[in-house]
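What TrEMBL says about this protein:
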{"type": "TRANSMEM", "residues": "28-55", "note": "transmembrane segment"}
{"type": "TRANSMEM", "residues": "67-91", "note": "transmembrane segment"}
{"type": "TRANSMEM", "residues": "103-124", "note": "transmembrane segment"}
{"type": "TRANSMEM", "residues": "230-252", "note": "transmembrane segment"}
Amino acid sequence: MKRVQLNPSFNPSLMCITESWSRALAKVVLTLLGFLLWGAAVALVLGGAFVILTYRSYGVFFQNRFFLVPGWLAIMAALLLVPTGALAICAPVKNSRHHQGTLMYFLLVLLCLEASSTIMTHVYCVKAGHQLKNSMDHFFRQYNRTAPHYRSNRAVDVIHKQLKCCGINNYTDWMAALPTHLQAGHVFAPESCCKEAYLDCRGDVSQPEKLFKEGCLQKLEGRLHFVMGYMAWCCMVVVWLEMLAALSNGILMKEQPFQDFQILDSAAFS
């Protein structure tokens, strides 16, 4: 029978101390990450809700309904982050293999959701930016002051009032709409272009101080880029938190094997 010789420099106690320190650090980090994941869930809910509300307010100018998909994916990820954060807090305390395995599974699903949301957010932001100019040009050209209940009128008036803008590029765009907006020798923009401080404003372009100066295209594009940028940064931060949580959870799982192998006594089977 061969005798196993240990290296004289091998120190079992030092190895145990090192493992205990790494395990303790992993527990602290994982618990902290659990609370951070709850905070990230709130941020994702806000981002997803902002995307959905933006589409509901200005959806008539977006030709693709898939603009809503990143928002719903963010809300789904936020809902899943709540039990994931709870598992990240409970797993170091209970030292349960079932909790650790479930946590790792949730983290994997969340990584897939957030990667999809980030990619789709970028793709749809680029597509929506190209489509906005054409769709806004269509609705603004169909605007008719004599038909206040016309669909194009409602869409244009809403975006004027909510974004405090006038025209596509600026208020002078309505000068190109002659003779539709020509009355008594004056060019009139929609009354929704008027600033709230001027109650006597009728949309006369010759009185630009009473009208909103900025165009709606620039403001809507700015809001779109803000929403999508917020979503992208939220997803990137959450992905990093999840990777750290997976690493910490992996350390705990590595140092707590499922079952220790033991040599069975042959006398017990005789």
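Any Cβ shown, glycine's included, is placed from N, Cα and C.
Where the annotation comes from TrEMBL, it is an automatic prediction and has not been curated.
The transmembrane segment (67-91) shares more Cβ pairs under 8 Å with 28-55 than with any other stretch in the list 28-55, 103-124, 230-252. Here the transmembrane segment (28-55) has long-range neighbours at 62, 67-68, 70-75, 77-79, 81-82, 84-89, 91-93, 223-224, 227-228, 230-231, 234-235, 237-238, 241-242, 244-245, 248-249, 252, meaning same-chain residues at least 6 beyond its ends whose C-beta is under 8 angstroms from one of its own.
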